[in-house]
């Protein structure tokens with residue numbers, strides 16, 4: 001594509017976009033530059049891409065997008081916001097793929113991964129080819145691709161959408177993080193349905209206040225647009241029980257569909273019964289009432305199912321079809337996932353890494369636990385420190401046997417992170433500390449007896465642990481299974 005044509009995606013810039021320059025690819029990482037690359041300088045939190053402009057030129061960059069003045073031998077086109085420019089250029093370069101896809105964006109503190117998987121499965125079982133982008137991976141049809149962030153950078157995102165189209169995908173479902181919204185990674189993406197799950201404390205190391213965090217989430221709904229095309233209306237699916245839904249509704253001109261348990265909603269649940277094997281409830285919808293029996297456990301699972309069914313309805317999938325799918329799904333990896341190696345007590349691995357999600361899971365366990373509740377819990381390093389004492393207090397308040405341990409300490413001292421947690425439980429003697437996560441899991445398993453429940457919280461599906469600069473193999477589910485088998489004399 002000619003540079004002059006590509007720059008049509010940016011309404012205002014300074015510099016000369018030559019019609020003679022051919023652009024073969026776009027990159028923001030100088031290590032990926034090849035001859036014919038348009039290099040975009042991003043001034044990031046850790047690295048400033050402007051410092052690598054010379055290197056990009058040496059590797060074959062034919063032009064550069066920048067915010068700061070550069071002295072290089074190729075044309076430089078200056079923009080006000082490189083991140084926004086990159087997203088718009090990526091969309092244009094890859095042929096505006098989301099205009100040809102049905103695109104669902106799901107945001108919120110908790111539930112994004114489960115709901116995205118539920119919706120993707122519902123759409124797939126309705127006969128459509130699907131794509132999925134989220135915390136665990138990117139998925140194009142049946143092909144699984146690794147991902148580094150919940151929401152990839154805009155170049156990767158638009159390339160993925162393009163590849164989805166080429167593979168015959170008609171509907172893409174994606175998790176949209178608050179970081180991605182603030183950083184402009186999803187600019188240029190044409191959403192058909194946007195879903196708001198909930199808002200509770202997380203990422204305040206980045207957003208600083210809950211007000212900023214809520215504003216970040218609302219950006220998805222502002223981006224949803226105001227198309228009133230009856231054949232393809234824009235729809236916002238909102239949690240009626242979360243007060244921040246008012247903000248999301250105010251931010252969009254799209255049609256509104258609501259779900260909830262406490263407040264009146266278009267899709268609501270009542271007569272909820274929770275057991276150690278699943279949940280049952282009565283579902284009220286705009287097209288009738290239904291009795292549901294799902295294999296997922298807890299009120300939070302009911303919310304997730306309500307959101308998935310409401311979203312499917314927004315996609316014009318019959319409610320009865322959506323119900324059939326959600327009733328058949330056992331759950332999502334690392335989300336209230338049971339580890340069974342022959343022991344006589346439940347061991348649950350869950351991604352709950354926020355105060356609200358940990359509280360929800362422990363309250364659910366309390367509904368069926370016969371005796372003691374062990375919780376293995378830590379907090380991530382280089383992340384929101386404010387939630388550490390809250391996580392510890394919830395563990396002490398709702399579990400009989402809290403075990404404080406490491407999560408992904410990253411560059412922080414694991415001991416210091418645990419000390420931050422302990423600040424939330426002054427005077428308590430109910431917890432123990434095992435800094436090594438493997439030791440903490442083995443301690444819980446060795447202590448547990450019939451009728452007890454173990455929750456291993458925080459990492460869920462993750463199969464690694466980040467300690468300093470090292471990424472080591474570590475999977476809570478594998479470690480729990482090994483510990484159980486050793487206890488039972490099977491290993």
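Backbone N, Cα and C define each Cβ position, glycine as well.
What Swiss-Prot says about this protein:
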type	residues	note
BINDING	108, 109, 110, 111, 112, 113, 114	ATP binding site
BINDING	383, 407, 408, 409, 410, 458, 462	meso-2,6-diaminopimelate binding site
MOD_RES	217	N6-carboxylysine
MOTIF	407-410	motif 'Meso-diaminopimelate recognition motif'
Neighbouring C-beta atoms (10 Å sphere around the C-beta of the residue listed as 'N6-carboxylysine'): 26
Helix, strand or coil at residue 112 (ATP binding site) [DSSP, three-state]: helix
C-beta crowding around residue 408 (meso-2,6-diaminopimelate binding site), within 10 angstroms: 24
Meso-2,6-diaminopimelate site shell beyond 383, 407, 408, 409, 410, 458, 462, criterion: Cβ within 8 Å of Cβ centroid: 353, 378, 379, 380, 381, 406, 459, 465, 466
Distance from residue 217 (N6-carboxylysine) back to residue 112 (ATP binding site), taken between C-alpha atoms, in Å: 12
Chain-internal residues, separated by at least six, CB under 8 A from residue 462 (meso-2,6-diaminopimelate binding site): 334, 351, 408, 474, 475, 476
Three-state secondary structure, residue 217 (N6-carboxylysine) (per DSSP): helix
Across the motif 'Meso-diaminopimelate recognition motif' (407-410), average pLDDT on the 0 to 100 scale: 97
Residue among recorded positions 217, 383, 410, 458 with Cα closest to the Cα of residue 114 (ATP binding site): 458
Distant-in-sequence Cβ neighbours of residue 407 (meso-2,6-diaminopimelate binding site), under 8 Å, six or more positions away: 353, 378, 379, 380, 381, 417, 437, 458, 459, 465
CB contacts for residue 109 (ATP binding site) [other CB atoms within 10 A, all chains]: 21
When distances run from the Cα of residue 108 (ATP binding site) to each of the binding-site residues 383, 409, 410, the nearest one: 383
CB contacts for residue 410 (meso-2,6-diaminopimelate binding site) [other CB atoms within 10 A, all chains]: 16
Candidates 113, 114: member of the binding-site residues with the richest Cβ shell (10 Å): 114
Inter-residue C-alpha distance, residue 113 (ATP binding site) and residue 410 (meso-2,6-diaminopimelate binding site) (nearest angstrom): 23
Residue 111 (ATP binding site) to residue 383 (meso-2,6-diaminopimelate binding site) - Cα separation in whole Å: 19
